[in-house]
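For reference, TrEMBL has these:
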| type | residues | note |
| --- | --- | --- |
| SIGNAL | 1-22 | signal peptide |
| DOMAIN | 31-307 | domain 'CN hydrolase' |
| ACT_SITE | 80 | active site, proton acceptor |
| ACT_SITE | 179 | active site, proton donor |
| ACT_SITE | 212 | active site, nucleophile |
């Protein structure tokens, strides 16, 4: 006699839990999704039309979730905006929103879809998780009514939030996170009144979650890692790549290394908006990553990760990011420096005029030091050492300290800092360090073609970013990206 479907599901789930408990590792997946976008409109569509568009995207996501589960994944992260896209005003996004309850209500939408207001998207996501016995992470929109007794209530009497949800392998809603640091174009959403630090326990470690732009700020990113000690961060994103420091794969890999956690980064895929770059990143470097600016295809990534990386024998030791640079007795700045912009940030640069050398550049409280030897210097390429110490950003201002070895766009020094994806020059060795005023520093090495360099560089405990055995591919940039959170200007909600 065959077991009933509920009993079979329970047995499969129990086996999966036991397998996870028996191992110090787990299999994680992220899906980079080429989102099917709605037609641009100035008027809201009907709820049925909104659901039809969302179901088209969920059809694609469901196939990726099934494939990930079949390959043994315990959890899958899907992108920000992955279910309905963008191109919205506050009014036109409303038909796509659902009322998402607090996970404390202990709700499985797949098993009890009518318990709350109509929530077909939550129901379907819940069933995807339940039917495949896998944690499913998705980004949707939350709506919450408010009234005039609330001084912050918008004129349309509702709050609208950019929201991540997590469903466990039973289909239960176990996490809900409202994005706190909205990007400048997200006028369709409200800021939450307070930053949220959302965590939940799994058989394979303590997880935290936040969204896209949040990664650059203390709340919630540093709070989750440094104060709440999560093992793994779930990261739906819609990241528009900006060279030379903020392409998705280089910064997200660097952040995982600098913070000492796993980062499961799922990006949207839209090459017209320079959106690509997803990965499974660890404290030791990328376990798997994807960057594709040439096709319109989505991509599923899987990798086996350590469940609790801090307990690993190979966990990187703590780094004093200013130790080496501040120990140099003679630390004069280069006399022959020049200024050039990386986007709107004015860096102080010095040209590397020789095949090998020892250079120092200073700006503000930051001095950057470089020792290097090039392997095959191209006559048509110029490299510089640069320093930046100041505020960056438009609506939200935040403080960077950056030391960088980078290739200029051309031999014209005024192009230094402009986007570059390719190079011809390899380095036999480089060692980059700086007098950082923070221990939150993220090491990046980017090769020609926007390729990472896993295993080819190391960070020493005294704060030096060093090549191990020379660069196997031409170098675009090597960067130490520091964040002085205490010097940030107030969050817009606080002003």
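Cβ coordinates are placed from backbone N, Cα and C, and glycine is handled just like the others.
Computed over the domain 'CN hydrolase' (31-307), the whole-number mean pLDDT of the model equals 97. Across the structure, residue 212 (active site, nucleophile) and residue 80 (active site, proton acceptor) are spaced 7 Å apart at their Cα atoms.
In sequence order, 161, 162, 163, 164, 186, 189, 192, 210, 211, 212, 213, 214 are the residues of the chain that are 6 or more apart from residue 179 (active site, proton donor) and have a CB within less than 8 Å of its CB. Around the Cβ of residue 80 (active site, proton acceptor), the same chain contributes 139, 162, 211, 212, 236, 237, 238, 268, each under 8 angstroms and 6 or more positions distant in sequence. Residue 212 (active site, nucleophile) has a Cβ environment of 27 other Cβ atoms inside 10 Å.
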